[in-house]
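J.: Here it is: the structure, laid out below.
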């Protein structure tokens, strides 16, 4: 946080910034200021305009009108190269690394020779507590480590204006604290940080000022100490929302296809002593109509387990039983045909085709079954059904998925999975980077799916989310199920955290 009064000359002033897409005003005269040595948090619902504003500041997208004042000079528009030269660096929510290059090559990519300091990079790695093998491929990193590499790229460029878009979305509490410690050191040097997040406790911990965007405008702005949580939430979501899906939404959400019907509580998916990359000896049972939470720290093996269940990774031992039949040797497509559907944690690189239309994305899994690029007259109608059910905001079915906000992209991905008519739905971090309003929609959606006797496996690093949603909870620690299933009052953040850190005598998982 800001520790001095050396803020007379702001690092950045955005004045009267306007932006329009396809006739829709997404920014309506935005004013935004960032001072030296401060963290200015930016909040807002999905589609509020946060990402568009930051892309304009970073030179990725031009504004239609308005100016950016940086270092006492005014600019109508910037390019990414010019923004970097001015000390502006945007760390995106979805890390954009070269998977086939080493970690070292990714960090140093595009740097001027004078900045190619191995010692500087090693010092930054040590300060952040990162224990990377710099010669390993970036593609081998999990989401949390890819986020750290992106932050390192910005720090290596001596950035004076650092824009962090959901930087802690995939970080553990310990990793978050390490990051905040490093940010405090940067602030002391006069760096200014724009911090985009949906996590209010973190914002109160790190931010000097808060601005809330709504519908392309600044709805609220002030010092963190002077704004109450109620003020902030009201500014983000001014319209009172229903706590559950409406009757019409539930009607639109009736799952398609001829799925085998199981009574609630019937075992649907059983894992017997499963061993694979990142996990070992995992045994559990998932029942029809329940939401089974799978908690654990980043690196505990949860995503590796999910990808193995879907056939994306090789199984080394044990059995996967779906409806009483072993599916170990089945391909991903064959598992999909039998009703096993997986929603990956990284929607942009693994879940959606960002350049394809919304209608195509929603029907992508059924396209695979009919012929990859097959099209039907029903695709637009299918998209419309999910728009009504999930409250997805878009202009036309043909627009590309990349044009949507993060929350609406996530809803398109969920619709894609539901259209495959799942018996078992594995959802990995379903609300990562999603605002309060859209998060509530997704929670009610998952409950509605489970009410149709779909078996839901919920993988989440948000322990409050696990506590809120799960009927039973397994916790993974260092690749193993660390305890028998938690139920009832034992499903609470404190107990889950204790088990996740291994501070509990391990018991054999009881199914």
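Cβ atoms here come from the backbone N, Cα and C positions, even for glycine.
Swiss-Prot lists these features:
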type    : residues                       : note
DOMAIN  : 12-240                         : domain 'ABC transporter 1'
BINDING : 44, 45, 46, 47, 48, 49, 50, 51 : ATP binding site
DOMAIN  : 240-503                        : domain 'ABC transporter 2'
J.: What mean pLDDT score does the domain 'ABC transporter 1' (12-240) have in the model?
T.: 86
J.: Sequence gap of 6 or more, Cβ distance under 8 Å: name the residues on the same chain that satisfy this around residue 44 (ATP binding site), in order along the sequence.
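T.: Sequence-distant Cβ neighbours: 50, 212, 213, 214, 219, 236, 435.
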J.: Applying a 10 Å Cβ distance cut-off over all chains shown, what neighbour count does residue 48 (ATP binding site) have?
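T.: Its Cβ shell of radius 10 Å holds 24 other Cβ atoms.
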J.: Across all chains shown, how many C-beta atoms besides its own are within 10 angstroms of the C-beta of residue 51 (ATP binding site)?
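T.: Residue 51 (ATP binding site): 22 neighbouring Cβ atoms within 10 Å.
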J.: According to DSSP, folded down to helix, strand and coil, what is residue 48 (ATP binding site)?
T.: coil
